[in-house]
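Novice: Annotation comment: Swiss-Prot describes ARG7, ASP8, GLU9, TYR10, LYS65, TYR122, ARG126, SER130, ARG189, LEU190, HIS191 as substrate binding site. If you look up Swiss-Prot, you'll see 60-65, 75-76, 81-82, GLN104, 139-140, TRP183, ARG193 marked as FMN binding site, on the strength of sequence analysis.
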Amino acid sequence: MELHNIRDEYTKRVLSQHDCHENPISQFEQWQKEAIHAQVNEPTAMNIATVDEQGRPNSRMVLLKEVNEQGFVFFTNYLSRKGGCIEHNPYVALTFFWPELERQVRIEGKAVKIPAEQSDKYFATRPYTSRIGAWASEQSAVISNYKSLLAKAALVAAKHPLNVPRPDYWGGYLVVPETVEFWQGRPSRLHDRIRYRKESDNWIRERLSP
């Protein structure tokens, strides 16, 4: 299957280094708000890449649940494959892609577990069925069939008909950024790339060649 004729010309926006915020968190928050306002499909979806003990990379999509001055927060099963990778090597890479805006954001940094009480607080806001699912799913483990998963979920629901506590193996990670790159598509593949990199306690902002 040949795909070399599938291409778009990027013409919608410009990213000026002069107009960027002094720190990447503020710049990201601005772009995130614009993605939500533009009704981008899944504006909080991000790819997270990790490396296992053999040095082999793997990636998957997760949802961003919070941005604060420290970094980017997502939640998962700590016993999942991604959790095991992070336990072995906490350095991860995040990528957001908003095609409707011809934009991409790449983040590299260290993932650290957030305090249990913060995970408890978020877990309590999840729909009941999602909380049941956190108990029923041994994420990344091989299962015999889908019916067995539903059966386990039913057992959990019977045990917790009202309040579902957070499993100890489920919680949040904070990705503390070391570099953040904002990419804006431009004509002729001469794209805008503005990178922020942490140096001591300061953010250095620089333009990269596309």
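Placed from the backbone N, Cα and C atoms, the Cβ positions cover glycine too.
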Novice: Let me check the 10 A CB neighbour count of ARG7 (substrate binding site). How many other CB atoms are there?
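Specialist: Around ARG7 (substrate binding site), other Cβ atoms within 10 Å: 8.
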Novice: Around the C-beta of ARG126 (substrate binding site), how many further C-beta atoms are within 10 angstroms, looking at every protein chain?
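Specialist: Its Cβ shell of radius 10 Å holds 15 other Cβ atoms.
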Novice: Counting other CB atoms within 10 A of each CB, which of the binding-site residues LYS65, ARG189, HIS191, ARG193 comes out lowest?
Specialist: ARG189
Novice: Have a look at the binding-site residues GLU9, LYS65, ARG189, HIS191 and say which one has the shortest Cα distance to SER140 (FMN binding site).
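Specialist: Checked the binding-site residues GLU9, LYS65, ARG189, HIS191; minimum Cα distance to SER140 (FMN binding site) goes to LYS65.
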Novice: If you measure every Cα to Cα distance among ARG7, ASP8, GLU9, TYR10, LYS65, TYR122, ARG126, SER130, ARG189, LEU190, HIS191, the residues said to bind substrate, what is the biggest one in Å?
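Specialist: Result: 43 Å between the two most distant Cα atoms.
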Novice: Through the lens of DSSP with three states only, how would you label SER140 (FMN binding site)?
Specialist: coil
Novice: Sorry to bug you, but what's the C-alpha spacing from LYS65 (substrate binding site) to PHE75 (FMN binding site), rounded to the closest Å?
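Specialist: Distance (Cα to Cα, whole Å): 8 Å.
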Novice: Measuring Cα to Cα, how many Å separate LYS65 (substrate binding site) from ARG81 (FMN binding site)?
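Specialist: Distance (Cα to Cα, whole Å): 20 Å.
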